[in-house]
Amino acid sequence: MLKYVRDLGKTGVESIQSIGRAGMLFGQSVTWGGPGSAGFLDLIKQIHSVGVRSLSIIIVAGFFVGMVLALQGYNILIKFGSVSALGTMVSLTLLRELGPVLAALLFAGRAGSALTAEIGLMKATEQLSAMEMMGVDPLKRVITPRLWAGMISVPILALLFSTVGIWGGAFVAVDMLGLYDGAYWSNMANTVEFYDDVVQGLIKAAVFGVVVTWIAVYQGYDAAPTSEGIGKATTQTVVISSLAILGLDFILTAVMLGGV
Amino acid sequence: MTNSSNHVDVKDVTFYRGSRKIYDGLNVSFPRGKITAIMGPSGTGKTTLLRMIGGQLKADSGQVMVNGDDVGRMSRADLFELRKNKMGMLFQTSGLFTDLNVFDNVAFPLRTHTDLPDDMIRDLVLMKLEAVGLRGTRDMFPAELSGGMVRRVALARSIAMDPELIMYDEPFTGLDPISMGMILRLIRGLNEALGLTSLLVSHDVEESCQIADYLCIVSGGKVIGFGTPDELKNGDNAEVRQFLNGDPDGPVPFHYPANDYRADLFAGDA
């Protein structure tokens, strides 16, 4: 019994310490400049590695999600004789919810885990220590460009996801199910608001981008420098960021809709 | 004890790892321009000592002075400035950047810390690589090199900024005799040619005695012997002699402390 209480306390203290370390890491690496700081080219390289290389999975997934949405939506809406609202339904679902959430989840699995493993392995092979001993701050050199690359990439990926998804919806609705294309596009154009839908979706994506990348770089930087430790950190990145995305999505939606 | 003949002075240092005491009132000075080998049984914190001198770990109490400045109390900026051009360290796993080739690895500190033109950096890198005999590998990646070659490239990189103090963490571990001979010659040669202060952490008694001017034997959180290899081998400290001769039993017992052997065996019958 006493052991149980002690373990509970230990876990609690360790979690709080971990949050503190993550906060310090974010604070120290979110600003540019410092010993041996990374340059603009490093940022471009990282955007390529985490963003551009996630394009294929984002585009394919977005297209299929759009197609499924149109197919399901068509079969529901046709019962109420309001198939012309299909374009509105697909686009709002994607822009407000599925674009940011699914893009961020895919990003966590594709790029977040890779970031964690890369940084963890650099730590395990003493590359980060060697950098420190050469008078180069690994936070500034390694973490800063990766953090920013993720924060910049996720909103762009989310927007792409939604765009491709809307095309995927049009492909199913118009080309396969024979919906009049004017109904699909003009209803969408009439109902989708730039600020309420597009911008709010982007705000969500930006928040997810910060959180996912932060979790990924922290897990890598804090990983135990063993193969087991890196494996565990990589899993943690995917699990924690997925839960964080879904939890934050509810909070952000509630705040934006103001309904709760 | 601080004077200009000592490059590094460790004064009354205590260091804990978790609740385990690694160093308890450690006092030692490393003379300038000499090779000092820090030796001792596994797990005594020899690498910890190097990391405290490099400022990567902070002592819980006491001072670690490098060139008369307390590393533990330096600001982050001063510490990075010190490491930039006064200190070099060769890690056990070398710490080469796996995404950069040999040339770019050696050029890394020069490109980061200096505004030298590209052709001058090229010349400097080639000179450093020539010194370790690996100019021909400049376009290869660390994964394509043997363990000994990786360590020599890392050595070239750690002398790229011409440090005054260089620390080697287990430079001989896992090397074949030929590579080991090369590393030995390089460490000695660099010390003589550049007048570096070299600190060397190693278990390899024979190799260390060959090149070291002084040995520093660490055990149980204290320095138990400091002197030239000959002095220590013929000295009167039994534990130091046991370590240098590699005797399996002596002041450091072969048996981990346990209760009486006979009683333990009979206890199983009850």
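Numbering starts at 1 and runs along the chain as it is shown here.
The backbone N, Cα and C atoms fix where each Cβ goes, and this holds for glycine too.
These come from TrEMBL:
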type: TRANSMEM; residues: A:55-78; note: transmembrane segment
type: TRANSMEM; residues: A:98-121; note: transmembrane segment
type: TRANSMEM; residues: A:147-178; note: transmembrane segment
type: TRANSMEM; residues: A:198-217; note: transmembrane segment
type: TRANSMEM; residues: A:238-257; note: transmembrane segment
Cβ contacts under 8 Å made by the transmembrane segment (A:98-121) with residues that lie 6+ beyond its boundaries: 49-51, 53-54, 57-58, 61-62, 65, 69, 128, 142-143, 146, 150, 153-154, 157-162, 165, 201-202, 204-205, 208-209, 212-213, 215-217, 219-221, 223, 225, 229-230, 233-234, 236-238, 241-242, 245-246, 249
Spatial neighbours of the transmembrane segment (A:147-178) far in sequence, C-beta under 8 Å, 6+ residues away: 26, 29-30, 43, 46-47, 49-51, 54-55, 58-59, 61-67, 69-71, 73-74, 86-87, 90-91, 94-95, 98-100, 102-104, 106-107, 111-112, 115, 184-185, 188, 201-202, 204-206, 208-210, 212-214, 216-217
Long-range environment of the transmembrane segment (A:238-257) - Cβ separation under 8 angstroms, sequence gap at least 6: 96-97, 100-101, 104-105, 108-109, 112-113, 200, 203-204, 207-208, 211-212, 215-216, 219
